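Residues or ranges marked as domain 'Sugar phosphate transporter' by TrEMBL: 11-305. Residues or ranges marked as transmembrane segment in TrEMBL: 12-29, 41-59, 80-97, 109-129, 136-154, 166-183, 195-216, 228-250, 289-308.
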Amino acid sequence: MAVVIDDQRMRVAWAVSFYWLVSIALVFLNKESMNRLDAPIFITWTQLVTAIVGCLVLSKLRSVYAVLSFFPKFEIRVDVALKVVPLTLTFIAMITFNNLCLQYVNVSFYQVARSLTIVFNVVFSYVLMGQKTSSRALAAVGSVVAGYIIGSSAELSMESLSVQGSVFGVLASVFVSLYAINVKKALAAVDNNKWTLMIYNNVIAAALMPPLIIMFDELPAILNSPAVYHVTFWTNIIFVTGVFGFLINIATYAQIQATSPLTHNISGTAKSAVQSLMALIFLREPISFEGVIGLMLVIGGSFVYGWVRDMEMAATKHMYVPVSPASNKDDDDMDIIEMGGERDKATK
């Protein structure tokens with residue numbers, strides 16, 4: 001019996017450690033990528049291409065290694081793709097605004113900038129689905145809103161936060177919430193297989209995003225950047241970032257399987273706190289006392305909201321699907337979606 005418990009603890013420890021490593025590394029790698037190349041949409045597109053390659057590899061290896069048997073066969077059907085397109089448009093907006101937000105804000109403020117996801121979850125759940133939120137959960141949402149206002153005001157006064165970064169953070173929160181609400185409809189088109197949905201999302205998004213690169217006038221930045229003419233930039237930055245962007249899907253799945261949706265949310269919230277602390281220490285990002293208070297209110301409110309919602313779902317005997325990095329969850333992470341940010345959002 002003791003051996004079984006020890007093995008279980010070891011699996012949990014490895015899963016949580018893997019998730020933390022991949023998720024934190026992904027945010028810092030994305031930030032470094034955009035510091036070197038001012039083309040966030042192009043960088044996001046390269047991550048999608050890398051993810052498609054990863055899906056192809058796993059699809060080929062599934063018949064060789066039993067541990068990969070969970071991954072579906074890689075195939076794209078036009079009729080299914082047409083049903084997934086509406087969700088993919090939301091997916092594109094979500095990952096694009098996530099990276100645009102990260103480009104204009106400090107890593108230490110990234111969690112706060114996208115913290116309104118919870119607020120929009122509550123708003124859209126009521127407006128679109130008629131679902132009301134309990135007073136306890138609303139109190140937690142109030143903490144998040146207060147933290148966002150205090151943190152944003154402090155960052156703006158220090159000129160550490162641009163208006164663009166704030167706007168992109170709000171838009172990222174909006175589309176993360178919309179994605180989380182609409183994902184169930186798309187899952188029905190792929191036999192409720194989240195891995196198949198990931199394949200369709202990545203393929204369709206990779207096909208639709210090139211025009212956005214032109215529309216946002218990123219081609220001159222790409223062609224005029226000295227970095228793109230060095231192999232090391234593609235191998236050490238773009239490729240590695242793309243690999244971690246794909247691994248976050250595996251890491252999220254592994255953590256949920258080894259623990260529970262609630263533990264995943266708690267882990268994601270704690271990871272966000274450590275991520276912000278690391279940015280302050282290693283990147284020497286400036287932060288005011290009010291900024292610290294805002295960050296604590298956001299992280300604390302996010303934790304309480306996740307805990308309250310889990311208790312309420314357990315009481316009504318419904319399956320809990322945590323929603324948004326966030327990339328992540330991570331930041332209330334939703335699974336199979338964090339391409340450049342956490343959030344972090346998982347299905348079990």
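All positions are counted from 1 along the displayed chain.
Backbone N, Cα and C define each Cβ position, glycine as well.
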The transmembrane segment (228-250) vs the transmembrane segment (136-154): 3 or more CB pairs under 8 Å: no
Leading stretch by Cβ pairs under 8 Å, where the reference is the transmembrane segment (41-59) and the options are 12-29, 136-154, 166-183, 195-216, 289-308: 195-216
Contact between the transmembrane segment (80-97) and the transmembrane segment (289-308) (3 or more Cβ pairs under 8 Å, separation 6+): no
Residues from the same chain, set at least six apart from the ends of the transmembrane segment (109-129), whose C-beta lies under 8 A from its own: 27, 98, 101-102, 137-138, 140-141, 144-145, 147-148, 151-152, 155, 160-161, 165-166, 168-170, 172-174, 176-178, 180-181, 272-273, 275-276, 279, 285, 287, 291, 294-295, 298-299, 301-302, 305, 323-326, 331-332, 341, 343
